[in-house]
Amino acid sequence: MLSPEVRALVKATAPVLKEHGEALTRHFYTRMLGGNPELRQLFNQGHQQSGQQQQALAAAVAAYAEHIDDPSVLLPVVERIAHKHVSLGVRAEHYAIVGKHLLASIREVLGEAATDELIDAWAAAYGQLADLLIGRERALYAAAASRDGGWTGWRAFKVVRKTPESAEITSFYLAPADGGATPDYLPGQYVSVRVYVPELGLMQPRQYSLSEAPGMPGQLRISVKREAGSPAGMVSGTLHNRINEGDVLDVSPPQGDFTLDAEDGRPVVLLSGGVGLTPMVSMLNHLTARDDGRQIRFVHACREAGVHAMKEHINALAAKRPNVRKAVFYERVGADDRRGVDYDYEGRVDLHAIRDEVILPDADYYLCGPLPFMQAQRRALADLGVAEHRIHAEVFGTGGVA
């Protein structure tokens, strides 16, 4: 437990961190990765070069300082971070390295304002946060290892099938190279996949949602969008262009806290933009495989027909099951696109226009897609009277709807 004096000192830095947080985190990453270059393989170099990683850490540090009197407010964020750390193979010993460079960066960036007393206070606060994360991650590692077919760290998987789903998205069916079993997982969870990127001279990890329902014997499926640019798209480009059937990938055990509550029986509305449909398809397939009779709505946004993935599969489920209804939005409708078959609505997703279809009593709403898409749907759901605790969200990327 932190003393009142320590909490007061840390909290007093929150305004400074909000103003100068990115300068601090840029300095921190340069310092830490310069002194520990092996850690570059843990970090998404695309996010490093775009500044996204620095922005995210700056926001997290400022939020921790602001809520130091009641860090329980941040527990949902801590849970999400812990799942990602386990997926990446972050271990307890890494926290000492981070702490060393974070405290040194605070001193070097804040200068005379970083008194010994302030550094000691931040050391105590960081220690509290590190202990919380280490404890939760230890439990997640143990759970991953104890499942039938489970493991920790990286495991070799062979690509047994590679299937294009659209002009931009390709599915990879992965089976353990050792011939062993694969573990069960929750619909909505993801794995990390690690590949060598020659242009960077590094192994690089990325997280990809499992896009099939749990229970596919001896296999896992990920569906990967080819991202543009370098280095942001280097891993997806490597998977699309260089990885073929028979090749081997490093894969982490399934993790993630964005998961379907399949047992409560409430109606489910699945809202996705672009490649954000991948966890939604896992959820939809899980529910329909169980012959779950609850009302299910599948709302999806994409730019145009060429990038519309898994269309035939979704259409078949909706045609066969009266409790499943779809609403597909195309931003650009082509001359050959058929309303009711290829798409249902033109333009961007407008929940107000389809409120009678998607606003269901006591429903749970699952959202996944680019950040602007997510923000727009959250606002619309709030305007339509959906309670905040009924909205469950996962953010994919930072760009537009794919």
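Placed from the backbone N, Cα and C atoms, the Cβ positions cover glycine too.
So that you can see what the record holds, here are the features copied from Swiss-Prot:
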{"type": "DOMAIN", "residues": "1-138", "note": "domain 'Globin'"}
{"type": "SITE", "residues": "TYR29", "note": "site 'Involved in heme-bound ligand stabilization and O-O bond activation'"}
{"type": "SITE", "residues": "LYS84", "note": "site 'Influences the redox potential of the prosthetic heme and FAD groups'"}
{"type": "BINDING", "residues": "HIS85", "note": "heme b binding site"}
{"type": "ACT_SITE", "residues": "TYR95", "note": "active site, charge relay system"}
{"type": "ACT_SITE", "residues": "GLU137", "note": "active site, charge relay system"}
{"type": "REGION", "residues": "149-402", "note": "region 'Reductase'"}
{"type": "DOMAIN", "residues": "152-261", "note": "domain 'FAD-binding FR-type'"}
{"type": "BINDING", "residues": "TYR190, ARG206, GLN207, TYR208, SER209, VAL395, PHE396, GLY397, THR398", "note": "FAD binding site"}
{"type": "BINDING", "residues": "GLY274, VAL275, GLY276, LEU277, THR278, PRO279", "note": "NADP(+) binding site"}
{"type": "SITE", "residues": "GLU394", "note": "site 'Influences the redox potential of the prosthetic heme and FAD groups'"}
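Shown on the structure are the features that Swiss-Prot records.
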residue	record	Cβ neighbours (10 Å)
TYR29	site 'Involved in heme-bound ligand stabilization and O-O bond activation'	19
LYS84	site 'Influences the redox potential of the prosthetic heme and FAD groups'	18
HIS85	heme b binding site	21
TYR95	active site, charge relay system	19
GLU137	active site, charge relay system	20
TYR190	FAD binding site	25
SER209	FAD binding site	28
GLY276	NADP(+) binding site	29
LEU277	NADP(+) binding site	32
PRO279	NADP(+) binding site	28
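Using a 10 Å Cα-Cα cut-off around HIS85 (heme b binding site), the recorded positions TYR95, GLU137, TYR190, GLY274, THR278, GLU394 reduce to GLU137. With respect to their backbone Cα atoms, GLY274 (NADP(+) binding site) and GLU394 (site 'Influences the redox potential of the prosthetic heme and FAD groups') stand 13 Å from each other.
Residue environment of THR278 (NADP(+) binding site) contains 29 other Cβ atoms, counted within 10 Å of its Cβ in all protein chains. TYR95 (active site, charge relay system) is 31 Å away from PRO279 (NADP(+) binding site) when you measure Cα to Cα. A distance of 26 Å separates the Cα atom of GLU137 (active site, charge relay system) from that of GLY276 (NADP(+) binding site). Nearest in space to TYR95 (active site, charge relay system), taking C-alpha to C-alpha distance over the recorded positions TYR29, GLN207, THR278, GLU394, is TYR29.
Annotation for GLU394 (site 'Influences the redox potential of the prosthetic heme and FAD groups'): same-chain Cβ neighbours under 8 Å, separated by at least 6 residues, are GLY188, SER209, GLY256, PHE258, GLY276, PRO279, TYR366, LEU367, CYS368.
According to its DSSP assignment, the residue listed as 'heme b binding site' is helical.
Neighbours of GLN207 (FAD binding site), defined as other CB atoms within 10 A of its CB across all chains, total 19.
The Cβ neighbour count for VAL275 (NADP(+) binding site), using a 10 Å radius and every protein chain shown, is 30.
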